[in-house]
Amino acid sequence: MKKKDIINVKINKMHFGGKTEGEVEGKRIVLSGGIRGQLVKAYVKKIRKDKVEANIIEVVEKSADETLSVCKNFGKCGGCAYLSVPYEKQLVYKKQMLQELFAKGGHKDISDFEIIGSPIDREYKNKMEFTFGNEIKGGELNIGLHRKASSMSILDASDCMLVSEDYRRILKFTGEFFRAKNIPHYHIMSHSGVLRHLVLRRGINTGQILVNLVTTSQMELDLSEYVRGLLSLEKAVGKNVCEGFACDGDFGEAKSLSDAMNVNGSTSFSFTGGFKDKIIGILHTVNDSLADTVQADKLEVLYGEEILKEVVLGKQYLISPFSFFQTNTKGVQTLYSVAIDMVKSIIGTGNVSTKSSNCNGVSSMYVEDSGENDVACVGKAIMKTADVNSDKIVLFDLYSGTGTIGIALSDVADEVYSIEIVKEAVEMAKINAERNDIENIEFICGDVGEKVGDLAQRGIHPDVIVLDPPRGGIMPKALPQIIDFGAKNLVYISCNPKSFVNDLNQLKDAGYEVKDIKAVDMFPNTWHVETVVLMSRK
């Protein structure tokens, strides 16, 4: 075997992170992607002493586990890995991969745990960022997802099974609309072109949709026709009421929107059915950044509102166009319920009282970053004073984002201190707390490693610390300070079990031991999985 050879590999192992393995000529073949039981054709990329690295070219034979229908891009785009496998079998895969990961990290003591599946495994995503481009250079305009391992090739995603039918219809309409208008997409290499992204957000429990079209400023756009088209698409109930724009891709006898348009640029054709959900806002974001990310140099509201509403576990949340919110709403309800149950198992619920202080009837909080104990009246939202009595339950919510976990846990603690570095997320968290009449949370904007030290200087010490760090895990300078608090209990919510394993080594060295662990699947059809771990100090 040599580099650039084409080989057939029978996959016999799957690892967390999407890597798989097989054996050829007595050599261990490591692949990116694939499913146990598949026979794949692969290209030999590198030959190392202990393994051969290869890329899958095609699946020659399916695995016996693959029994479900898939979309046209399955295997091409990076959105799904296990779409062809029944969901219960996917959960078996994930549990086995986690057990292997924990064992390799030296944590065989946590090999026995429950994995909890998502309530829904298709059409679960509440947010998707679709990209404008083409599948091949010079091809027609597509709007969809990147081809796996490609920054240039964009696959049409109008039949994506991870999103709702409403999303698919918006996607189909948007593609036809801009193809008919002959508006060029943005080219990341030449930094020229107009159309960049279409970001769709959905309130699963509120039935709201937010549409955000992202373009450059390289062309003046009149998007009024696009807005009218989207709104008519939403309300579609009969025939011949769609004039001047496409509706859901049904162009009557014409084959496309371009064919349906007359010399005046108007259309009239048949379609049926409206949306399940309601478009509450249509936005236009101008982004001239060289980076291939969604950010705003300018934001214009073309229709309705720019803030989406959602309800999770009875709490109301406002979600701004660019703020983080867990992508699987039904799944996050399960995730937070597990975390809440773990906290309740530590502290119980009988000794928690709701306390607040007021300035002329208005709840109060510390002035952000003032370093002083003076209280500023800033409207209902946040909490009172920093004096700590032994009968209080004090909870730290670290890496708090828009406050969803802290707000969910506010009912089981006297005082909650939430720390988040992203200013927009902190501002939204304050609004969300006020919206829910929660008065026992203080939101702090800043780096966790620095701000936990500030809390210690104020004499505030936690009974429970809840951590939900980013994919890289707890920042190195923050972890020692968190440990130094000496909190009896930690609840660690991890979106990346690999980084959790690294953090767990240090936490165990500091005297913490795992009391409970559950895996919660927030990302069906992928190898990703969350873990929620309760640790107590010996």
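One-based numbering along the chain as shown.
Placement of Cβ uses the backbone N, Cα and C atoms for every residue, glycine included.
Record features, source TrEMBL:
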type     : residues               : note
ACT_SITE : C495                   : active site
ACT_SITE : C495                   : active site, nucleophile
BINDING  : Q326, Y399, E420, D468 : S-adenosyl-L-methionine binding site
DOMAIN   : 1-58                   : domain 'TRAM'
Widest Cα span across the S-adenosyl-L-methionine binders Q326, Y399, E420, D468, in Å? 16
Using DSSP and collapsing to three states, where does D468 (S-adenosyl-L-methionine binding site) fall: helix, strand or coil? coil
For the recorded S-adenosyl-L-methionine site, enumerate neighbouring residues of the same chain (Cβ within 8 Å of the Cβ centroid of Q326, Y399, E420, D468, site residues themselves excluded), in sequence order. F324, S400, G401, T404, I405, P469, P470, I493
What is the number of other Cβ atoms found within 10 Å of the Cβ of Y399 (S-adenosyl-L-methionine binding site)? 20
Return only the integer: C-alpha distance in Å from E420 (S-adenosyl-L-methionine binding site) to the residue listed as 'active site'. 17
In DSSP terms, helix, strand or coil for E420 (S-adenosyl-L-methionine binding site)? strand
Calculate the distance in Å between the alpha carbons (Cα) of the residue listed as 'active site' and Q326 (S-adenosyl-L-methionine binding site), and round it to a whole number. 11
Of all the recorded positions here, Q326, E420, D468, C495, which one's CB has the most other CB atoms within 10 A? E420
Return the average pLDDT for the domain 'TRAM' (1-58) as a whole number. 96
Quick one: DSSP breakdown of the domain 'TRAM' (1-58) into helix, strand and coil? 0 helix, 37 strand, 21 coil
On the three-state reduction of DSSP, what should I expect for Q326 (S-adenosyl-L-methionine binding site)? coil
